[in-house]
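Please read the structure below before turning to the comments.
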Amino acid sequence: MSTLTVGDTALPRESRETMVSIRDSDSTTTVLGEDSASTTDPNVSRADGWALMPQVKEQNEREAESGFKRRELGVTWQNLSVEVVSADAAVQENFLSQFNVPKLARESRNKPPLRTILDNSHGCVKPGEMLLVLGRPGSGCTTLLKMLANQRLGYKAVQGDVRYGSMTAKEAEQYRGQIVMNTEEELFFPSLTVGETMDFATRLKVPFRLPNGVESPEAYREEYKKFLLQSMGISHTVDTKVGNEFIRGVSGGERKRVSIIECLATRASVFCWDNSTRGLDASTALEWTKAIRAMTDVLGLSTIVTLYQAGNGIYDLFDKVLVLDEGKQIYYGPMTQARPYMEALGFVCREGSNVADFLTGVTVPTERKIRSGFEARFPRNADAMLEEYNKSAVKADMISEYDYPDSEYAKLRTEDFKQAIAEEKAKQLPKSSPFTVDFMNQVKICVTRQYQILWGDKATFIIKQVSTLIQALIAGSLFYDAPNNSGGLFVKSGALFFSLLYNSLLAMAEVTESFQGRPVLIKHKSFAFFHPAAFCIAQIAADIPVLIFQVTIFALPVYFMVGLEMDAGVFFTYWILVFATTMAMTAVFRACGAAFKTFDDASKVSGFLISALIMYTGYMIRKPEMHPWFVWIYWIDPLAYGFDALLSNEFHGKIIPCVGTNLVPAGPGYENATTQSCTGVGGSIPGRNYVTGDDYLASLSYSHGHVWRNFGILWAWWALFVVVTIIATSRWKGASENGPSLLIPRESVEKHRQHGHRDEESQSNEKTSTKGKSEGVQDSSDIDNQLVRNTSVFTWKDLCYTVKTPSGDRQLLDHVYGWVKPGMLGALMGSSGAGKTTLLDVLAQRKTAGTIQGSVLVDGRPLPVSFQRSAGYCEQLDVHEPYATVREALEFSALLRQPRTTPREEKLKYVDVIIDLLELHDIADTLIGRVGAGLSVEQRKRVTIGVELVSKPSILIFLDEPTSGLDGQSAYNTVRFLRKLADVGQAVLVTIHQPSAQLFAEFDSLLLLAKGGKMVYFGDIGDNGSTVKEYFARHGAPCPPNANPAEHMIDVVSGSLSQGRDWHEVWKASPEHTNAQKELDRIISEAASKPPGTVDDGHEFAMPLWQQTVIVTKRTCLAVYRNTDYVNNKLALHIGSALFNGFSFWKMGASVGELQLKLFALFNFIFVAPGAIAQLQPLFIERRDIYDAREKKSRMYSWVAFVTGLIVSELPYLVLCAVLYFVCFYYQTGLPTSSDKAGAVFFVMLLYEGLYTGIGQFISAYAPNAVFATLTNPLVIGTLVSFCGVLVPYGQIQEFWRYWIYWLNPFNYLMGSLLTFTIFDVDIKCRESEFATFDPPNGSSCIDYLSTYLQGLGVSANLINPDATSQCQVCQYTRGSDYLYSLNLKDYYYGWRDTAIVALFVLSSYALVYGLMKLRTKASKKAEE
């Protein structure tokens, strides 16, 4: 069979002008001239029917007339093999097993074997050709597309040759914007609108040289943007946010289309599309394929596509097909020959089947059908299929194409391509640059987008600024009107420190934002939109006005309320220093986020970093008192330079009088300044009752001469971290596609290995769909006998559902009716937005908002109390506890949802029945995990169904889109399971997204909805859809002979074939509608006259609350036990903070200065809370989302059990954290080591672990999402820290706050108990510099001169030399209790009093978790007659 390789699909259909030398399959050289390039009309395309085809041709002709060279490449690859580290099953360590060092060391020596994910692939896609790559998940389709898109990072080994035109893969790297891949994920900034997203993409791809007749770059961009939006039918979404799971925006299908047109905006020459029709209905998917076909034909693109569930209409638009199985290429050749080739091997393509599904199903025993006479000789697995293909004539024909890159034609096309790209690029760019617009324009466009992102998420921005203003007012009132004497020194220093601290804490959000935007940036980098440096500079440019505003609204209230120096120069110096420090700290955290691969690592480091920088600012530990082993931190700390400059700016040139306990002696009779001196104030000079600001600064090793030096150093640090950010951002890489790997919990490893060993022994040479069965597995009939039979009839009538929107009430369901009987498999279908999921949610009582009218009945009676747990509901999203194994998830559901009268053993036995039914034996002991690290999409779907089945649903089972995102075989498997359930008497109602004809035929009845939830058909489907076909044919829309009836119906009702006809009215006027309503009334009355099929036990939950709590708590404890990342991060935070704190405050003595150091050492313990809460909250909210999404709605267990489980699961680790912090911190600080004191401190630390956990959990319990929680944390923790009596002592707190918030603050009692136990009994020994030294008057002795003072104001002072007549030395305090008295801690019993109050606060914080969770739990809506 000789096939000419330059035909109507081999070369572009326009501008064929050069001579070309190519071999045909007989290896003879054929020279083709311009006119003989094709035997067909080059202007004819299989996509000529596409509405925008004329526009594509017009654009192409305009470019040709403008003298533009064509950008045609083609892709050829040979002997392409890819290896990855084999990760078929990774072991998930638990908290204890991770410390089994000998075992881990033994296992680490066994290097994981390499797995070939793509094996010796070959092919050629010339300009103007489309290749369809088919294969089941894990067969290597995505890997092949990544290789052809020249994205090789993350793979262990890549061998073989890939050529782009005549270029090698290395040469093609500089043209990465012309060889692009659209991945399966939709990665966007959700707060941008569709229009803004497309503005950004199109602006960065406007060519330098414009076609004739185009007025400006903006006109070109606007025209292209309009064309792209029209091409996918989403022009109406231009002002709608893209959105995501948290931010409401366009629908899932529309978001996928935005992803498609953003990729098309690159104007590339080679496109790789990875499952780009996922989430689109068949009509839209076909339109997309036609669009790609049209552009490929006219523009000479090379298009490679991989699809799941491709209909025949889509399949027929391709030129070539490549089929992969286990990485092996079992077919590559013309699309028209693929089906005949497979049929010649003995496989049968069922009538009405999708050919694409047939091609991928030939190696799956449960899917394939063998032609009579071929049973003994058909190829049974991938190796046998490959062997057959290697011998075939198809391969022999295709080999001739592999010379294409060396042909004269390819070389000329490649030269034209290079010239065209050079003309498109801005002249300022270097020749090797992959970008289109120059660097300055990239920055401008990125700055515009940054502001759009901010404006799009106004709520977060406003919350941030309002909380800044609130915090500024609180801080200003806390440090209000600080006096200009020694009493105000500490208060003013605190206010200046807080000015830097708060803005630095806000800057920590940069770490989170870095990871939120990273996937989008990596995608845009692969599209060659902009250089990462442009993105980083744009972020900074966008920061400046925002931070100016933020710093201003913080600085103004704080500065003037505190009463800092009323001098314009001093104020503006303060403002610019706070701004410069904030910019530097923003750069620090942005660099920290950019430098790490995972958020866990970045958050761990940033949390530790902020602690270190705060501690070494110079506020807690003064510069002269820092230990030499950590003093280097001071020199690299931007906060330290800022704090030095702020204090120098404020106190320079001032005279600071000493007052109160800082002045010795003081009071009546001691007015002579020459016999007074200052104590407890740095820089004091004997015999002087004041301190100069510059002496005070010198005592801290500060100087006013450093102010502008430090300002310069701050900007130097800023510049350094910006450079680090740019370098780190430039090195960001996308994750490699290694395929999902199973996770085996350590405690199940042996069982899994034994299971795998049995599998290997029983394995035959034929690949099976199931690797093994559970012990004592029963055959199909035994399983069927054990399944629960349903005898109840479920009906709904005149169902309407209305929701309130800003524009008024909106009706989503309009008088819908229907029924599901036992043994019936019902399909619920309709186009996107028709209300399929809404109807299921209403029927299953899952709605908590809106108004529902109509009747929903079981056996003609109102829904029983137990309905939500008696009916199974498999939602579209597979929501599961990731750290549970499959068996545990099923057992959890069975134990909680089967009736309380059923023995436990019987419930667990039924789990085995369902595991056998759903063929889950080989994954029963693996963790569910998350998508990509755990079960595959199809396996997760089966687990979702299993979780509902084990509950023995006695009424019916709802399933929402169970086949969405699955390949054809997995979808067929899923529906086959559902058919099996219906056959044994279950009632099943399923929403399904465009099934193949084969799947459609499995259903018994159909409810078809149009936009607005209007019914257009309800009734039997008939044999192979005959009844439905007959209905539509009778009303003027006959189904073509080979068309899929399911696709045809959607097209007729709401797609290209609707022709504006109102099918809802057609239905209402039909006899089928009248008969269905009569039948419904008959079913209801008949069912109501009989005893109910389901007996209501009257319980909302199947199990009593106590048993619910035990089962839920056990699961939650096991999940935390296995979540080593979370536990290790918590422990590392405590150990790291404790060691750092302990060594920073090493062996403190008993001087007055060291008393203050002890205060700060204990105060620092409070700061483990922000880091620990930041780790705890996402986990709490993730579990709450699982509970809200599925477990609450199915009445599995009460919210009380949920909260109890979460609280109890944390307790063992909180005890461990307290032990580790205490041991690593306490004994190196010089605090009392006696068991009564140390034991009391440990007990208080243990209570604090519970206190901050309770605070973190009650914020999480009510927060709508994790972002809100992270914005709330600083306000709550910041307020508690501010008013606990440390930053401002009790006596100096303003009266407004002092009499309520101080006493309601748990941190006040925490610090009170810790200080009392550690300082109360200490004898104070002043250092030489701390004494007040002066000469008594008239030669009197010190004791005689000071006797009145020591009995009055100086009662706590300690006179060292009472008999001396000169140089009297007075220490400010005698014992620790004297110092604590100034902090409102008046007796030792205050320690235990405060401990008891902290314990009450712990209980109160946990009570708040229950209370706020109860407040958040809404009741489901019921239908109103």
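Note that Cβ sites are derived from N, Cα and C of the backbone, with glycine treated the same way.
Taking a C-beta cut-off of under 8 angstroms and a sequence separation of 6 or more, GLY835 (ATP binding site) has the following same-chain neighbours: TYR801, LEU812, LEU813, LEU1009, GLY1012, GLY1013. The ATP binding site feature in Swiss-Prot is assigned to GLY830, SER831, SER832, GLY833, ALA834, GLY835, LYS836, THR837; the stated evidence is sequence analysis.
The compositional bias 'Basic and acidic residues' annotation in Swiss-Prot covers 747-761.
Per Swiss-Prot, domain 'ABC transporter 1' is recorded for 96-351.
Annotation source Swiss-Prot lists N-linked glycosylation site at ASN43 (among others), citing sequence analysis.
According to Swiss-Prot, the N-linked glycosylation site annotation covers ASN79 (among others). Listed in sequence order, ASN120, HIS122, GLN159, GLY160, ASP161 are the same-chain residues six or more apart from ASN79 (N-linked glycosylation site) with CB atoms under 8 A from its CB. Reduced to three states, the DSSP call for ASN79 (N-linked glycosylation site) is strand.
If you look up Swiss-Prot, you'll see ASN275 (among others) marked as N-linked glycosylation site. On its own chain, ASN275 (N-linked glycosylation site) has GLU184, THR306, LEU307, TYR308 as residues at least 6 apart in sequence with a Cβ closer than 8 Å to its own Cβ.
Per Swiss-Prot, N-linked glycosylation site is recorded for ASN390 (among others), and the stated evidence type is sequence analysis. For ASN390 (N-linked glycosylation site), no same-chain residue 6+ apart in sequence has a C-beta under 8 angstroms from its C-beta.
Taken from Swiss-Prot, the feature N-linked glycosylation site applies to ASN484 (among others), supported by sequence analysis. Residues near ASN484 (N-linked glycosylation site) in space but far in sequence (CB under 8 A, at least 6 apart, same chain), listed by position: GLY563, LYS654, ILE656, PRO657.
Within the same chain, residues at least six positions away from ASN672 (N-linked glycosylation site) with a Cβ under 8 Å of its Cβ are PRO1337. For ASN672 (among others), the entry in Swiss-Prot reads N-linked glycosylation site, with the evidence type sequence analysis.
Annotation comment: Swiss-Prot describes ASN790 (among others) as N-linked glycosylation site.
The Cβ neighbour count for ASN1024 (N-linked glycosylation site), using a 10 Å radius and every protein chain shown, is 15. According to Swiss-Prot, the N-linked glycosylation site annotation covers ASN1024 (among others).
Close to ASN1338 (N-linked glycosylation site) in the fold, though at least 6 residues off in sequence, lies no residue with a CB less than 8 Å from its CB. Positions annotated as N-linked glycosylation site by Swiss-Prot: ASN1338 (among others).
The region 'Disordered' annotation in Swiss-Prot covers 14-44 (among others).
Summarising the annotation, Swiss-Prot assigns region 'Disordered' to 743-782 (among others).
The transmembrane segment feature in Swiss-Prot is assigned to 489-509 (among others); the stated evidence is sequence analysis. Residues 464, 468, 471-472, 475, 479, 482-483, 550-551, 554-555, 558, 562, 564, 574, 578, 581-582, 585-586, 588-589, 606, 610, 613-614, 617, 619, 639, 642-643, 646-647, 650, 656, 681, 696, 1170, 1270, 1274, 1278, 1282, 1287-1289, 1292 of the same chain lie 6+ residues outside the transmembrane segment (489-509) yet bring a C-beta within less than 8 angstroms of a C-beta in it.
Feature annotation from Swiss-Prot assigns transmembrane segment to 520-540 (among others).
Tertiary proximity for the transmembrane segment (710-730) is limited to same-chain residues at least six positions away from its ends with a CB under 8 Å from its CB atoms, namely 521, 531-533, 535-536, 540, 576-577, 580-581, 583-584, 587-588, 590-591, 594-595, 638, 641-642, 644-645. The Cβ neighbour count for ALA834 (ATP binding site), using a 10 Å radius and every protein chain shown, is 26.
Here the binding-site residues are GLY830, LYS836, THR837, and the one whose Cβ sees the fewest other Cβ atoms within 10 Å is THR837. Mapped onto three states, the DSSP output places ASN672 (N-linked glycosylation site) in coil. Touching of the transmembrane segment (1395-1415) and the transmembrane segment (601-621) is ruled out by the presence of fewer than three CB pairs under 8 A, sequence neighbours closer than 6 excluded. Cβ neighbours within 10 Å of SER831 (ATP binding site), excluding its own Cβ and spanning all shown chains: 24.
Count of Cβ pairs under 8 Å against the transmembrane segment (1239-1259): among 601-621, 1267-1287, 1300-1320, the largest is for 1300-1320. Cα spacing between THR837 (ATP binding site) and ASN1024 (N-linked glycosylation site): 25 Å, rounded to the nearest whole number. Tertiary proximity for the transmembrane segment (1267-1287) is limited to same-chain residues at least six positions away from its ends with a CB under 8 Å from its CB atoms, namely 246, 460, 463-464, 467, 470-471, 474-475, 478, 494, 498, 502, 505-506, 509, 512, 1159-1160, 1163, 1166, 1169-1170, 1173-1174, 1177, 1181, 1255-1256, 1259-1260, 1293, 1297, 1301-1302, 1305-1308, 1310-1312, 1383-1384.
ASN1024 (N-linked glycosylation site) and ALA834 (ATP binding site) are 24 Å apart (CA-CA, integer value). Summed and averaged per residue, pLDDT over the domain 'ABC transporter 1' (96-351) gives 88.
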